[in-house]
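Taken from Swiss-Prot, the feature substrate binding site covers Met70, Gly244. Feature annotation from Swiss-Prot assigns ATP binding site to Arg145, Ser217.
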Amino acid sequence: MSNSASSFTGVSSGYTAGTPVPADSPIRDNIADAVRRVRETTPLAQSFTTFVTINLVANAQLAAGGTAAMSFLPDDVIETAKIAGANYINVGTLLPFYKDALPEIAQRLNYLDKPWVLDPVAAGIGRTRTAILQAFKAAPPTMIRANASEVIALANMWGLNTETVGDASEHRPAGVESVDDVESATGAAVALAQYLTEQHAKHSSHDASTRCAVAVSGIADLVTDGETVYRLPGGSAMMTKITGAGCSLGGVAATYLAVSDPLTAALSASLLYNRAGEVADTTSHGPGSFQVAFLDALWNVTAEQVAESEILVQ
């Protein structure tokens, strides 16, 4: 399965709930600094991602200013991880040997204290995918990037208190599409972020005060470190018309994770995507030209423009 564009809608909808983050907030300074650092240092982020969208993932990482490495063999992944600033695992398309290989890779990344982003594409569908995602609970990522249904499914799979309304069995992604809105995934996202932070505090040699993050893509994206919930209105409806928008966002999040803390990385990547989508909307005439314009916008949008984007505290 591929992570299709509709798992990252990013459509401007007039979402207004929440308190605006002040213009002089340190959060905005951190975001601008992350965007600049990526462009100045071109950090390497390794991706283990779906065959369907691998090209867009790599090109988006390059357009954002980073360096891309795409790996599939476990030994390649581990060796490359030693020199990469961060890593990205996407479970969109699977082969039988991944059932053992991916959990082993996750364990090695954590042993090496290498930050990594998980995109749990189509969480809850298929025994192999479910087994892999369940195994990740014991070797969790530093950040999760997903749509609302995937976040809810993963939190339920890990037995976390998600505060999900209704029968949890009803909250399943329709393939790689989200059948839940972002708001309904708030409890699951917070629970996941708290769990990731607790686990990494126990086992990582990094600063124990650093919190992990979860980014939920949708009409008004949600990003949380388990303590504060941010909403990010904006983007373009055309993002739903190109496959790989969500997958590539995960890759770019890993690029930012190579130079910043998880919350800053998640906010920076999501805001960059919203801004680039809005810019591409003004010059494109359909999905093909939008994708080209979008990559150009990832390259041209300034750090100041990203940091000045609308950010609301829920």
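Heads up, residue numbers simply count up from 1 along the chain you see.
Every residue, even glycine, has its Cβ placed from backbone N, Cα and C.
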Excluding near sequence neighbours, so keeping only residues 6 or more apart in the same chain, what lies with its CB under 8 A of Arg145 (ATP binding site)?
Val117, Leu118, Asp119, Val214, Ala215, Ser217, Gly246, Leu249, Gly250, Ala253, Ala266, Ala269
Should Met70 (substrate binding site) be counted as helix, strand, or coil on the basis of DSSP?
strand
Which ones in the same chain are close to Met70 (substrate binding site), with CB under 8 Å and 6+ residues apart in sequence?
Gln46, Ser47, Phe48, Thr49, Ile54, Val57, Ala58
If you count other C-beta atoms within 10 angstroms, which of the binding-site residues Ser217, Gly244 is the most crowded?
Ser217
Under DSSP, is Gly244 (substrate binding site) part of a helix or a strand, or is it coil?
coil
